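J.: According to Swiss-Prot, the protein carries these features:
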- 1-14: topological domain 'Mitochondrial intermembrane' (TOPO_DOM)
- 15-45: transmembrane segment (TRANSMEM)
- 46-59: topological domain 'Mitochondrial matrix' (TOPO_DOM)
- 60-87: transmembrane segment (TRANSMEM)
- 88-227: topological domain 'Mitochondrial intermembrane' (TOPO_DOM)
- 161, 196, 200, 207: Cu cation A1 binding site (BINDING)
- 196, 198, 200, 204: Cu cation A2 binding site (BINDING)
- 198: Mg(2+) binding site (BINDING)
């Protein structure tokens with residue numbers, strides 16, 4: 001999860017988020033090299049008196065500045081497309097959870113179980129216990145098994161929302177009348193926090209998301225106690 005004065009991303013907890021972090025570093029290095037080259041050329045132009053006022057045609061230069069950007073774009077596009085296809089791929093999920101956005105809370109339904117559904121509201125600041133996080137704790141956490149593929153079906157019953165958990169690399173729009181889906185898989189247990197990431201009204205900032213990833217045995221015990 002995030003911590004005060006944090007500058008980087010949250011720790012990756014899913015294979016998709018790990019890929020996104022690698023892609024970020026890859027793209028940032030390319031941007032850094034381009035920026036360094038541009039700054040070097042600008043400083044060279046400002047500090048030297050050598051100019052080419054008589055140059056009317058330079059096919060070699062035009063060829064280079066056409067081919068080089070194309071190569072750079074390919075180096076950025078290929079890994080990006082790979083991750084996009086990975087995020088859309090869903091192969092035989094072990095569990096399906098339907099998420100509905102409301103003003104201003106989330107409701108969850110475990111479609112593989114009978115009568116396993118609940119609403120998830122933010123715990124007001126006045127009711128927080130010592131050690132709990134302000135504006136991030138909920139009364140009902142979403143308990144999921146770790147190291148298993150989980151399909152999230154996301155929609156809304158009123159306005160646009162967005163179901164997002166940064167450490168898992170998840171951000172799926174909740175649109176009324178439309179069912180979007182996303183896949184998540186956690187590589188380790190723990191609590192993972194997110195928030196609605198689409199402005200949805202006056203209490204938009206009071207729609208936290210808390211996922212509790214546990215071993216399969218603990219998940220089965222929890223689901224049996226909830227049914």
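These residue numbers are counts, starting from 1, taken along the chain as shown.
Any Cβ shown, glycine's included, is placed from N, Cα and C.
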J.: The topological domain 'Mitochondrial intermembrane' (1-14): which same-chain residues, six or more beyond its ends, come within Cβ distance under 8 Å?
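T.: 20-21, 24, 166-169, 184-188, 190-193, 213.
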J.: Quick one: Cα separation, residue 161 (Cu cation A1 binding site) versus residue 198 (Cu cation A2 binding site), in Å?
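T.: If we compare the Cα positions of residue 161 (Cu cation A1 binding site) and residue 198 (Cu cation A2 binding site), the gap is 5 Å.
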J.: By DSSP, what is the split of the topological domain 'Mitochondrial intermembrane' (88-227) into helix, strand and coil residues?
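T.: Computed counts for the topological domain 'Mitochondrial intermembrane' (88-227) are 21 helix, 61 strand, 58 coil.
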J.: Taking each of the binding-site residues 196, 200, 207 in turn and counting other Cβ atoms within 10 Å of its Cβ, which one has the fewest?
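T.: Relative to the other binding-site residues in 196, 200, 207, 200 has the fewest Cβ atoms within 10 Å.
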J.: Mind telling me which of the binding-site residues 161, 204 has the densest Cβ neighbourhood, counting other Cβ atoms within 10 Å?
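T.: Selected residue: 161.
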J.: Can you tell me how the residues of the topological domain 'Mitochondrial intermembrane' (1-14) break down into helix, strand and coil by DSSP?
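T.: Within the topological domain 'Mitochondrial intermembrane' (1-14) the tally stands at 0 helix, 0 strand, 14 coil.
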J.: Cα of residue 204 (Cu cation A2 binding site) to Cα of residue 196 (Cu cation A1 binding site): how many Å, rounded?
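T.: The separation of the Cα atoms works out to 7 Å.
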J.: Reported as an integer number of Å, what is the Cα distance between residue 198 (Cu cation A2 binding site) and residue 207 (Cu cation A1 binding site)?
T.: 10
J.: Apart from 196, 198, 200, 204, which residues in this chain have a Cβ no more than 8 Å from the mean position of the Cβ atoms of those residues at the Cu cation A2 site?
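T.: Surrounding the site, in chain order, are 101, 104, 159, 160, 161, 162, 197, 199, 201, 207.
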J.: Once 161, 196, 200, 207 are set aside, which residues in the chain still have Cβ within 8 Å of the Cβ centroid of the Cu cation A1 site?
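T.: My list of surrounding residues reads 101, 103, 104, 106, 162, 174, 195, 197, 198, 201, 204.
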J.: For the topological domain 'Mitochondrial matrix' (46-59), what's the mean pLDDT in this predicted model?
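T.: Residues in the topological domain 'Mitochondrial matrix' (46-59) carry a mean pLDDT of 72 in this prediction.
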